[in-house]
Amino acid sequence: MAAVKKEGGALSEAMSLEGDEWELSKENVQPLRQGRIMSTLQGALAQESACNNTLQQQKRAFEYEIRFYTGNDPLDVWDRYISWTEQNYPQGGKESNMSTLLERAVEALQGEKRYYSDPRFLNLWLKLGRLCNEPLDMYSYLHNQGIGVSLAQFYISWAEEYEARENFRKADAIFQEGIQQKAEPLERLQSQHRQFQARVSRQTLLALEKEEEEEVFESSVPQRSTLAELKSKGKKTARAPIIRVGGALKAPSQNRGLQNPFPQQMQNNSRITVFDENADEASTAELSKPTVQPWIAPPMPRAKENELQAGPWNTGRSLEHRPRGNTASLIAVPAVLPSFTPYVEETARQPVMTPCKIEPSINHILSTRKPGKEEGDPLQRVQSHQQASEEKKEKMMYCKEKIYAGVGEFSFEEIRAEVFRKKLKEQREAELLTSAEKRAEMQKQIEEMEKKLKEIQTTQQERTGDQQEETMPTKETTKLQIASESQKIPGMTLSSSVCQVNCCARETSLAENIWQEQPHSKGPSVPFSIFDEFLLSEKKNKSPPADPPRVLAQRRPLAVLKTSESITSNEDVSPDVCDEFTGIEPLSEDAIITGFRNVTICPNPEDTCDFARAARFVSTPFHEIMSLKDLPSDPERLLPEEDLDVKTSEDQQTACGTIYSQTLSIKKLSPIIEDSREATHSSGFSGSSASVASTSSIKCLQIPEKLELTNETSENPTQSPWCSQYRRQLLKSLPELSASAELCIEDRPMPKLEIEKEIELGNEDYCIKREYLICEDYKLFWVAPRNSAELTVIKVSSQPVPWDFYINLKLKERLNEDFDHFCSCYQYQDGCIVWHQYINCFTLQDLLQHSEYITHEITVLIIYNLLTIVEMLHKAEIVHGDLSPRCLILRNRIHDPYDCNKNNQALKIVDFSYSVDLRVQLDVFTLSGFRTVQILEGQKILANCSSPYQVDLFGIADLAHLLLFKEHLQVFWDGSFWKLSQNISELKDGELWNKFFVRILNANDEATVSVLGELAAEMNGVFDTTFQSHLNKALWKVGKLTSPGALLFQ
């Protein structure tokens, strides 16, 4: 109990202290209409240094936010700042700096037309008007500028100002103007107008009653006659008679002193009067005797000082209220100051000050005003600032408004830091944009190179097939016999004519080899396998062949000998395509030193062109020597790479007279073709002349006419999922596709399609009404059955690949009953036709051409349906890739506007040309093949797209942006989220669209099925009764456009 009492005593003591503090400071607190927060008021009145530091920090935070604000609503910062100042500076004055804050706010937001109808901006002006010398001028200025003319508060405050000046006629005119302008809220304005009329009527009645009372009072009091004759009285001294009435009459109590009337003796010219004490007492008693008179009105209570009405001091004041006494008592006696200073001891106790101490560091109430500062009207300063800003021609070279604006000044370093951060941010964004553009350009180049590579590979495969069908002789080769008269002389060199023939043959073969290898060099690089020496252990243990002279010491073969027939079939290629080094001067020193160009038979490693050509022949770091029996036994012989000195026939052995014997060994050389004779194993002459003689003792050579590069190590590049050949191979491996009842395969060419002609699909004839869409690989036609006006859609493809039918079949298989789209496919030799059953022909592209029918309700319905459709596609692991308006058909919900249970049946997809089945197509591919990515090319958000599923999310966002703003998607990065460049707040139900775009653009690595389901559920919550009624009206108008007759005549 004692503890409870102690706590209660402490609490009451604290409350008493707060009450004392409030009682000492309440007369300095300015009242607010909306009231004050008590906790903030107590902290503001505490007058502590810690509280003051907190206020200064908060004020500096507001100033910093105002200077470097980058959002879309700067008025919000000013509104919060001024509201905070009103609450934390209850005493007002110079310390709050309210007038300067309001001037800065209205000057900063003066050019923002969007705030002219904002109640917050009008509130700033009204607060500034209370500080102006002439508030009416401020209201006239606002009315001329069009600020707040659509708000009721503007007219209410304006009329109150006129009412305070008792100009009721003008105030009523202001109310009437506001009602005529239909200011919002109109009900509040009308209510204030009625209250104003009631107040004016009450004041008028009171004034009439007061005038009647004054007239009755004046009639009962004697009146002074106008222009009365004033006759003088007396013989010697003429005196004018005095006629006084009303309050000018002399009171009886005033007969004393100097104003007493003269006695009778003085009137009878008696000069000496003897004082009679008794007579004076009797007269005094008679005069002082009170007389009973009735009260005309009850006395006014004069103890209450706050109930008196202010008025003039010199009228209407009766003599009874004047101070009594002689005139001597009315003379002010000046105070006489002593000529000395009284002594005060130092130990004397000083008088106690009040508990509310004013800290001089916080309150500057008694500080002197700066002499150079002039006090002007805030409205005039705002107007002059506006005029100066319009006429301003000079440009400050530093951020003057950021340094000197507000209470606290910012240093140049802080301003430079902010400018540097801003430039750095812009520079990073520019770098990201540049890198994205370079990446897109490189990707485009890679795609073009892959396309060229596919064409070249297709051509090579066709040529290889043709060559394998032809029968070629096994030993049909062209031999070049070199006849020389100096056969007996071993040191004789080759003639120049023979060298020229051999050189021409070699250059022709090399040109063809490089032409065949060049397309492969442009494709994606395939890493070569590292050579493993342990894999050759079995080959090392093999015994050497029985016929050593027939062993060829050579590396791994890199060229294939072709027959003359195959050579002649390839000679129609233009020579400028064959070799990229044609016409290039090789960098050789022979022409400089000897004066002529050295022509060699073998590749010269010192020749730059030969070196570049040979670099393409290199595969692995090391090559082993293969024997003849290890070579393939096909009619095409393998040519050694560099050892041309080896004898290859018995005639050569007889001509040269020497048979070289060598052992089977493994030779390891570098990948660069070295200029050495390690593989020749010539006779061991040590002299240079001997080596020259040995190498030049070639009598006859076997030189092929053409060389063809082998493709043993080449691998197939990554197939594109949109390639028709790849899709054809994929569909051939699916037996369930051909077994489907909806697929009809006909072994004949596709019939020719013409407008107003009939085509047979199944067992029915259809008439082609219109060619709706023409694309690169397919067309869309509107057809109708014979003797019927019901239109439907067929898709005609130029490739015999029923990809759309395959996607529909997989959706039906994986989604079961959730997918209700029916279509049939007719496959021909040179194309296929997909017939979509039970759908309309009116696409979303047609609806966009009639933008006046696209209301908010229609947009919500279309996006909701699109979210549900794409959610089903992603559940089936299928990415559409082209959610454009041309492939979206309006269906049942549009034609049956009053069936509210079919809100998810408003759209249907009829084109799956860019779709990818991720369950089957497992190869890695680039996202640039999707049409959605091609449409949004250049957007930075595509650089963060890591999953194919996100492409459909961007497609939905782009379609919603197209419906709302009639243009494709434009986004920007604000530091944390991707947002639209357009202003969403101006749209109807802008909060819903803001959440939609932020969520769908920032899905990142989340599962797209959950994101789509969440957005669809949020969209579905909008379909209430009011929304459905508006939607039905809009659908009824759209239904007129979707009729078959209206479609055909568009």
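Backbone N, Cα and C define each Cβ position, glycine as well.
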Going by Swiss-Prot, Y772, L773, I774, C775, E776, D777, Y778, K779, L780 bind ATP; tell me which of K757, K795 is listed for that site too. K795
Candidate set S232, S288, S676, S724, residue annotated phosphoserine in Swiss-Prot: S676
Among the residues S435, S509, S928, which does Swiss-Prot list with the feature phosphoserine? S435
Candidate annotated as phosphothreonine in Swiss-Prot, where the set is T226, T1008, T1026: T1008
Helix, strand or coil by DSSP: which one applies to S435 (phosphoserine)? helix
Spatially, which candidate from the recorded positions S435, T792, D882 is nearest to T1008 (phosphothreonine), comparing Cα atoms? D882
Between D882 (active site, proton acceptor) and T792 (phosphothreonine): CA-CA distance (Å): 21
Expressed in Å to no decimal places, the gap between the Cα atoms of S435 (phosphoserine) and D882 (active site, proton acceptor) is 25
List of residues, in chain order, with Cβ under 8 A from that of D882 (active site, proton acceptor) and at least 6 apart: D911, S913, Y914, S915, F930, R931, T932, G955
At 10 angstroms around each C-beta, which of the modified residues T792, T1008 has the fewest other C-beta atoms nearby? T792
Please give me the CB contact count at 10 A for S435 (phosphoserine), counting all chains in the structure. 12
